């Protein structure tokens, strides 16, 4: 079956959504060989993945993932990664700020692959538990408002793609679909995308898959999140409509900053800077990039009417130590891990 689909792709044809679903199932069942997996994703990358293909892959991934019952009022802040900018874990910092304001956050992530510090790495450095089971994650969401969903725990079938992904070394469709397959089945998200050419395809995909409000962001300085140092291209899916606009720090009440103040060399430095943001002692650029990304998340969650209002709420949460109090709450060993 996969040989037939590979041949079709090699001839320059695209896959239907159903065929893409079949292909991804072959990958996740262990039926596909490493060579077949590498060939498939390489062909798609060179030719350009279609919305049908992305949607088929995501549906297959969602059908095989372990899920948690998180309710309808949960949001995720994550990115495709691979921006190469060596910034601290901004989306993780934003998740803490957002959860301090009463919005439940199911933070989907992993360890570092190409970055200096993955979200799992920095949480461990901060002394925050990573729930060891879906049950523990659900409890963390209910008691603390934020749970980290460690991707390998929920996407065990993706282990078959690990070898080819590592050997290939370049970004493929697998980098795109991870954020679209949150185990909490979030309908509202902020997703950082490393290239604007993918943001519209991902928005179309999420519209097809039934998302309510998803904001895709790409900094023009290469960040896969809202930048404090440059304009950010935004593609917004809201209630079935897709719109595009450009976001600047100044347009939401912030001053433009410098990337140097938000860059780190290790997970230790990332954790230290994140904590400094929460207690208000970090450089202004680090505080503002956190408030900017948290503000977009508050807007996507429906907590704020506009991004500017969300940014103001987020910055206030940092300045009055609400976010720092949430960081301390997350550190407390109250969650009992499931088996």
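Placement of Cβ uses the backbone N, Cα and C atoms for every residue, glycine included.
With a 10 A radius on its CB, residue 108 (5-phospho-alpha-D-ribose 1-diphosphate binding site) counts 26 other CB atoms from all the protein chains. According to DSSP, residue 108 (5-phospho-alpha-D-ribose 1-diphosphate binding site) sits within a strand segment. What Swiss-Prot records for 79, 82-83, 87, 89-92, 107-115, 119 is 5-phospho-alpha-D-ribose 1-diphosphate binding site.
Secondary structure from DSSP puts residue 79 (5-phospho-alpha-D-ribose 1-diphosphate binding site) in a beta strand. Annotation source Swiss-Prot lists anthranilate 1 binding site at 79, 110, citing sequence analysis.
Here Swiss-Prot flags 91, 225 as Mg(2+) 1 binding site. For residue 91 (5-phospho-alpha-D-ribose 1-diphosphate binding site), the count of additional Cβ atoms within 10 Å of its Cβ stands at 27 [all protein chains shown].
Swiss-Prot lists 165 with the feature anthranilate 2 binding site. Cβ neighbour count for residue 165 (anthranilate 2 binding site) (all protein chains, 10 Å cutoff from its Cβ): 19.
Residues annotated as Mg(2+) 2 binding site in Swiss-Prot, with sequence analysis given as evidence: 224, 225.
Residue pair residue 225 (Mg(2+) 1 binding site) / residue 79 (5-phospho-alpha-D-ribose 1-diphosphate binding site) shows a Cα separation of 7 Å. Counting only the Cα atoms, the space from residue 79 (5-phospho-alpha-D-ribose 1-diphosphate binding site) to residue 110 (anthranilate 1 binding site) is about 11 angstrom.
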